[in-house]
């Protein structure tokens with residue numbers, strides 16, 4: 001009987017180790033973004049940062065007329081200015097270097113400020129949408145309640161909710177989160193991510209509550225504003241067609257001053273002020289996708 005072939009255990013072990021090492025290296029390389037992807041994202045985020053900083057700086061500098069609508073726009077501009085100055089630029093640096101270079105404390109502060117400003121921006125947009133909706137659907141009763149003091153209270157509530165919702169969990173997750181997640185977050189100094197986003201349920205819940213739900217509400221409100229404006233426009237067109245006849249019949253009842261005031265009041269019901277919704281939602285969707293993928 002022929003002897004069984006001898007097996008070189010050292011060679012086998014070495015081959016297995018080599019294959020495992022090469023597999024790990026290939027796997028790690030596949031997880032890293034390519035140079036072209038990094039260049040494209042850096043160009044996009046840099047351009048968006050410049051546009052955001054320029055536009056919102058102009059809004060802040062031009063804040064002179066103390067109207068309710070301008071209070072909301074100023075708060076929105078401040079939130080977006082924080083995002084353009086700090087969030088986008090630090091994220092671009094983080095992405096270009098492939099690691100976080102500023103340490104754990106700066107990482108936590110950046111993440112907290114980023115999510116607080118982002119959520120405050122969304123809530124300010126929601127407040128503007130509600131304000132426009134009530135101005136159109138309840139023009140007589142709501143305008144009397146639409147005061148700068150009330151607008152300031154709503155803005156303070158938006159910022160307060162954003163701070164309470166995001167800052168404490170992000171800053172304290174290493175001590176209150178699960179042990180393995182906290183340890184991995186604390187030991188990976190080159191990585192800068194939110195620890196509790198490793199939990200799929202928390203990720204979905206926070207994304208839905210902080211971004212998607214307000215966007216759905218805003219779309220519904222702007223759809224109602226569009227339908228109400230369309231209805232008022234048709235009513236105004238019908239009344240304008242018979243306006244000479246009405247003025248002739250009731251000429252003695254209306255003074256020359258009351259007639260243009262009547263027309264101006266009806267036309268104001270079809271007009272709204274504030275930022276357009278579609279570009280904002282498109283920008284926010286892109287930013288949210290970039291941040292989620294990062």
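Cβ atoms are placed via backbone N, Cα and C, with glycine included.
Here the structure is a predicted model, which means the values were calculated and not measured.
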Per TrEMBL, the range holding transmembrane segment, considering 71-97, 233-259 = 71-97
From the ranges 178-200, 201-223, pick the one that TrEMBL records as transmembrane segment.
-> 201-223
Report, as numbers and ranges, every residue of the chain located at least six residues beyond the transmembrane segment (109-130) whose Cβ falls under 8 Å of a Cβ in that stretch; write 'none' if there are none.
-> 69, 72-73, 75-76, 79-80, 82-83, 86-87, 90-91, 102, 154-155, 158-159, 161-163, 165-167, 170-171, 192-194, 210-211, 214-215, 217-218, 221-222, 274-275, 277, 280, 284, 287, 291
